[in-house]
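All remarks here apply to the structure that follows.
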Amino acid sequence: MDRWQDIKQVVVVGLGITGLSVVRHLRKTQPQLQVKVIDTRPTPPGVEQLPPDIALHVGSWNEAWLAEADLVVTNPGIALATPQIQTVLARGVAVVGDIELFAWAADKPVIAITGSNGKSTVTDLTGVMANACGVKCAIGGNIGVPALDLLEQEVELYVLELSSFQLETTTSLHLVAAAFLNLSEDHMDRYQGMDDYRQAKLRIFQHAKHGVVNRDDRQTYPETSHGQQSLALVTFGSDDKEFGVMSHQGESWLSYNQQPILASRELKLVGQHNVANVLVVLALLTCAGIDYRKGLSALKSYTGLTHRCQVVADNRGIKWVNDSKATNLASTQAALSGLNCAGKLYLLVGGDGKGADFSPLKPILAQLNLQLCCFGADGDQFMPLHASATRFERMEDVIEHISPQLQSGDMVMLSPACASFDQFSNFMARGDRFAELARQYA
């Protein structure tokens, strides 16, 4: 079936790196199409890279263009509930995302990962280990390189990180293995509630051969009503069943069906959440027919991703930890649960809270020798959580205030539990700024 047979006009909604990748892909593979781009921002990112012959409308919607479209490719940041998108859907016109276009074009096996937390680390490590096992692999999607740009590479396997937003507009993605890591409250400004959010995540199993789910979080299991009879489930968790953790030779080991694989202490990654992440990677590789034992040396030397519990400065016995990727409550909870701090912890929280309830942090914070530093648009929401809470406007103000007090054994940690869009372009920019300040004051 030629999916493009009746499509003559395509409107791409939202520019940026994803929108540009869509335009490049369409020009290369479907040069006969008329492609137009709408971005409601007055000066969208990437506008200078758009080919001059592509029609562009900025600053508002262009209903006339949408009314003429045979296909609309929307950015994951734009909700399907947006009235202009609903009008398109009511006309019976397909609204897809870049991942759906990737699914139409990909001709090699695909592994995909979703979940509220840990998906970037799992995606990256799966790719690193697959390559170490001799399987040429490309990593992308919601992490780093847009999925469509991966099609330019000569590879044997694709590994994609997928957000719930991307899954909403994806219906044809066939996967050799799919993982749903965990579910915790996030994006409640976009979804009707937790079940709505969960249903978006569960779409990852729609055309998957193997599903990797979390024994410690039953919400990750697909419902039988989804009709995925052919889906083979593989589980991971903190006990010793399937992919899990067992006691061996007097210490904790990662295991498969109660057979030891690797001692937990051999991992460079810190925290219990990262042990779970590694188990998922081992499960995904197994599902894809890759012998993970060939990649264990790569696993042992893997230090994790930038902006994820990353030590950016360590001077005079004071550690500065950049966990800017912690854009929700559960990420910050995970970072704190695996923490080893000899002195006082100076914890920086705040930003764009996305309508979340942060009160579950209170019992964890109560156990720590802590100075809670609250900044950004929703910093006030953290003030009732600890007696030490102090309010600041910007991250720079926090560092300037605390730096004279720091002593050997202390830790300064940015794990904001919030999105960055109130003061930064993204979590990377926020983390980079923190790293700059750390180097300046360390």
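Using N, Cα and C of the backbone, Cβ positions are placed for all residues, glycine too.
Swiss-Prot has this to say about the protein:
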BINDING   Gly115, Ser116, Asn117, Gly118, Lys119, Ser120, Thr121  ATP binding site
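A sphere of 10 angstroms centred on the C-beta of Ser116 (ATP binding site) encloses 25 other C-beta atoms. Listed in sequence order, the residues Ile113, Val122, Leu181, Asn182, Asn277, Ser331 complete the 8 Å Cβ shell around the ATP site centroid, once Gly115, Ser116, Asn117, Gly118, Lys119, Ser120, Thr121 themselves are left out. The Cβ of Gly115 (ATP binding site) lies under 8 Å from the Cβ of Val122, Ala179, Phe180, Leu181, Asn182, Leu183, Lys201, Thr220, each on the same chain and at least six residues away in sequence.
In the three-state DSSP assignment, the secondary structure recorded for Gly115 (ATP binding site) is coil. Cβ contacts within 10 Å of Asn117 (ATP binding site), excluding its own Cβ and spanning all protein chains shown: 27.
Ranking the binding-site residues Gly118, Lys119, Thr121 by other CB atoms within 10 A of the CB puts Gly118 at the bottom. Under the DSSP three-state reduction, Thr121 (ATP binding site) is assigned to helix.
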